[in-house]
Amino acid sequence: MTASSFRTDAGLVVPAITTTQMREVDRIAIDELGPNLYQMMENAGGNLASLCVELLGDRWPSAPIVVLAGTGGNGGGGICAARHLANRGGNVTLVISNPSHLKGVPADQLALYRATGARVATVADLDTVDADLLVDAVLGYSLDGAPHGAAAELIRWMSRHPAPVVSLDIPSGVDSTTGVAPGAHVSATHTVTLAAPKTGLDAEAVGTLWLADIGIPREVYRRVGIELPPALFAPGYRVQLRASKT
């Protein structure tokens, strides 16, 4: 199921964007107006970590959190969130689908995470890892076909695990434009989507939907034909969304 717009609890209408539009938003931000990829990833990771702390409530910081990350930008955001959680004293384990495939900003995020001294586990370690909360940062809006390899293995493991799942941007394996899952996918308890809601986020697998501010100015969205409400993030850096019903 797709949605052309979403609403905040305050009644603000937030237009939804397609994968193609989101790629252009990222391009304009990174190549022209800013913020750069490092800045956006920090904002995304900090926002995601903050929600995890809120969800754990009295169980924070002792409750074990497992962050499952891919090797692209979505994975980099998850690794960044893991560092923020570790820096705040959280009981964090990071599992990356293919660590040797990391490069650029996500690789830099892993180096920063390692500096915290928090645990890095492998896919082979998953059955020995305890978790009260799972963070899904395996695949983002660039999904192309059914997940495969180590990414699919992480997704299937999350699907079997009883702990609640917080997905970054979109549940891994779900197409961000159509909401269709072409193969293995995560059924999230919460999804923290970034910058603007995607049209496919009315899918059942999304759970409770949050929109996180990652610092992109409104002019970037205007250049792709999207007008976001000026007071969208007045309540804070993250707002809850629901699909508009017409």
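Cβ coordinates come from backbone N, Cα and C, glycine included.
Lifted from TrEMBL, the feature list:
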{"type": "DOMAIN", "residues": "22-222", "note": "domain 'YjeF N-terminal'"}
{"type": "BINDING", "residues": "Gly73, Asn74, Gly75, Gly76, Gly77, Gly140, Tyr141, Ser142, Leu143, Asp144, Gly145, Ala146, Asp169", "note": "(6S)-NADPHX binding site"}
{"type": "BINDING", "residues": "Asn74, Asp136, Ser172", "note": "K(+) binding site"}
Any further residue of that chain within 8 Å (Cβ to the Cβ centroid of Asn74, Asp136, Ser172) of the recorded K(+) site: Leu68, Ala69, Gly70, Gly75, Gly78, Ala137, Val138, Leu139, Gly140, Ile155, Ser167, Leu168, Asp169, Ile170, Pro171, Val186
Intrachain C-beta neighbours of Tyr141 ((6S)-NADPHX binding site), sequence separation six or more, cut-off 8 angstroms: Thr19, Met22, Arg23, Asn74, Asp169, Ile170, Ser176, Lys198
Pairwise Cα distance for Ser172 (K(+) binding site)/Gly77 ((6S)-NADPHX binding site) [Å, integer]: 13
Assigned conformation of Gly73 ((6S)-NADPHX binding site) - DSSP reduced to three states: helix
Gly75 ((6S)-NADPHX binding site) versus Asp136 (K(+) binding site) - Cα distance in angstrom: 9
Other C-beta atoms that fall within 10 angstroms of the C-beta of Gly77 ((6S)-NADPHX binding site): 33
Densest Cβ neighbourhood among Asn74, Ser172 (binding-site residues), 10 Å radius: Ser172
Which of Gly73, Gly75, Gly145, all binding-site residues, has a Cβ with the fewest other Cβ atoms inside 10 Å: Gly145
